[in-house]
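Visitor: Got a structure for you, written out below as structure tokens; questions coming shortly.
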């Protein structure tokens, strides 16, 4: 069984924000594979289903970004999931809008949600898909940038990136992270 988490913040006011890119990919996967991510459990919303022949649990932590690790730890413990079978999708300001970067492991890179997951799991050796949201303009506050909504002219790019992220998840599940990195890291 694979646990696939997308990071974001709960609440309508955060829908469509850069920080909720992970939630958007989970929603896209849920739609594509008819998985209802609506069971409130383990400080998150979860849904069970099958993607690319693998049993999966899709997770949207409801702890707010900076405490995402609380939810992930509870889900991992409850389902007795090994860290090798965990994948997280999250926003990355160091990548252009819609660009993806897959990694097998790594530091938090300044991302508080990932920092929380590393702290709660006691390891940084988990797979991840970084979803590019673009760097903040000069003189902008970082929080204002990541909590801001994407402009309408980026919607088409985001739709394509969501589809590409779903394909990357499928690739990881069927062929492994190395294959995914070779195919999707541009």
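Numbering starts at 1 and runs along the chain as it is shown here.
Even glycines carry a Cβ here, placed using N, Cα and C.
The active site, proton acceptor annotation in Swiss-Prot covers 19 and rests on sequence analysis. Among the features that Swiss-Prot reports, tRNA binding site is placed at 14, 64, 66, 112. Residues or ranges marked as site 'Discriminates between blocked and unblocked aminoacyl-tRNA' by Swiss-Prot: 9. Residues or ranges marked as site 'Stabilizes the basic form of H active site to accept a proton' in Swiss-Prot: 91.
Map these features onto the structure and tell me what's around them.
Guide: Packing around residue 19 (active site, proton acceptor) is summarised by its Cβ count: 24 other Cβ atoms lie within 10 angstroms of its Cβ, all protein chains included.
Using a 10 Å Cβ-Cβ cutoff, residue 14 (tRNA binding site) registers 17 neighbours.
A simple way to gauge crowding: the CB of residue 9 (site 'Discriminates between blocked and unblocked aminoacyl-tRNA') has 22 other CB atoms within 10 angstroms, across all the protein chains here. Following the DSSP three-state reduction, the secondary structure of residue 9 (site 'Discriminates between blocked and unblocked aminoacyl-tRNA') is coil.
All chains included, 25 other C-beta atoms sit within 10 angstroms of the C-beta of residue 91 (site 'Stabilizes the basic form of H active site to accept a proton'). In the three-state DSSP reading, residue 91 (site 'Stabilizes the basic form of H active site to accept a proton') counts as strand.
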Visitor: What whole-number Å value do you get for the CA-CA distance of residue 64 (tRNA binding site) and residue 91 (site 'Stabilizes the basic form of H active site to accept a proton')?
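Guide: Computed Cα spacing between residue 64 (tRNA binding site) and residue 91 (site 'Stabilizes the basic form of H active site to accept a proton') is 14 Å.
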Visitor: List the Cα distance (Å, whole number) between residue 91 (site 'Stabilizes the basic form of H active site to accept a proton') and residue 14 (tRNA binding site).
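Guide: Pair distance, Cα basis, whole Å: 13 Å.
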Visitor: Taking only the Cα atoms, work out how far residue 66 (tRNA binding site) lies from residue 9 (site 'Discriminates between blocked and unblocked aminoacyl-tRNA'), in Å, as a whole number.
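Guide: Between the alpha carbons of residue 66 (tRNA binding site) and residue 9 (site 'Discriminates between blocked and unblocked aminoacyl-tRNA') there are 9 Å.
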Visitor: Quick one: pull the CA-CA distance for residue 9 (site 'Discriminates between blocked and unblocked aminoacyl-tRNA') versus residue 19 (active site, proton acceptor), whole Å only.
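Guide: Counting only the Cα atoms, the answer is 7 Å.
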Visitor: Determine, to the nearest whole angstrom, how far the Cα atom of residue 112 (tRNA binding site) is from the Cα atom of residue 19 (active site, proton acceptor).
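Guide: So the alpha carbons of residue 112 (tRNA binding site) and residue 19 (active site, proton acceptor) sit roughly 11 Å from each other.
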Visitor: Tell me, if you would, which residue among 66, 112 (binding-site residues) has the fewest other CB atoms within 10 Å in the structure shown?
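Guide: Across 66, 112, these binding-site residues, the one with fewest Cβ atoms within 10 Å is 66.
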